[in-house]
């Protein structure tokens, strides 16, 4: 019996990225972050693009690949307790529309950032390292893998 819950999913984390309008909201949030950073005086456009990319990728890494469990009281008897949000998404099925969207978004942002920074070497290295830090954990081969035991518990 689910006392105090109003959802029909066993774990709402599995379907949250399939909610209506979530993709548009996500893209608008990235755009809003960029506009807010652009409004800071004396900061150049290349630095703003790099900051947008770094903040986005840091947030994505933290929320999708380090935070584990679910904020809800779920009747799954703790099965989601040791899984990151990325591993819970779409019940662990690989290559769904939501997973593809969340994989392509940092790549598109990386291309935009590289273009607007005019492929400056320092910006390019920072943005490439940032992109790899969010793309590598998304690989299907790393589903449930904890490298060196980091984030195991």
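Quick reminder: no glycine exception, Cβ is built from N, Cα and C everywhere.
Cβ neighbour count for residue 137 (hydroxyproline) (all protein chains, 10 Å cutoff from its Cβ): 19. For the recorded site, residue 137 (hydroxyproline), the DSSP three-state label reads helix. The hydroxyproline annotation in Swiss-Prot covers 137 and is backed by similarity to another entry.
Per-residue confidence over the region 'Important for ceramide level-sensing' (1-17) averages out at a pLDDT of 66. The region 'Important for ceramide level-sensing' annotation in Swiss-Prot covers 1-17.
What Swiss-Prot lists as topological domain 'Cytoplasmic' is 1-21 (among others).
The annotation topological domain 'Cytoplasmic' is assigned in Swiss-Prot to 64-94 (among others).
Swiss-Prot lists 118-121 with the feature topological domain 'Extracellular', giving similarity to another entry as the kind of evidence. Counting only same-chain residues 6+ beyond the ends of the topological domain 'Extracellular' (118-121), those with a CB under 8 A from a CB of the stretch are 46.
Residues annotated as topological domain 'Cytoplasmic' in Swiss-Prot, with similarity to another entry given as evidence: 143-153 (among others).
Per Swiss-Prot, transmembrane segment is recorded for 22-42 (among others), and the stated evidence type is similarity to another entry. With a threshold of 8 Å between CB atoms, the same-chain residues lying at least 6 positions outside the transmembrane segment (22-42) that come near it are 16, 48-49, 51-52, 55-56, 101, 105, 109.
Swiss-Prot lists 43-63 (among others) with the feature transmembrane segment, giving similarity to another entry as the kind of evidence.
Long-range neighbours of the transmembrane segment (95-117) within the same chain, counting only residues 6 or more positions beyond its ends whose Cβ lies under 8 Å from a Cβ of the stretch, are 17-18, 23, 26-27, 30, 45-46, 49-50, 52-53, 56-57, 60, 64, 86, 89, 123-124, 127-128, 130-131, 134-135, 138, 140. The annotation transmembrane segment is assigned in Swiss-Prot to 95-117 (among others) on the grounds of similarity to another entry.
Feature annotation from Swiss-Prot assigns transmembrane segment to 122-142 (among others); the stated evidence is similarity to another entry.
For the topological domain 'Cytoplasmic' (64-94), residue counts in helix, strand and coil come to 15 helix, 2 strand, 14 coil, using DSSP. Summarised by DSSP class, the composition of the topological domain 'Extracellular' (118-121) is 1 helix, 0 strand, 3 coil.
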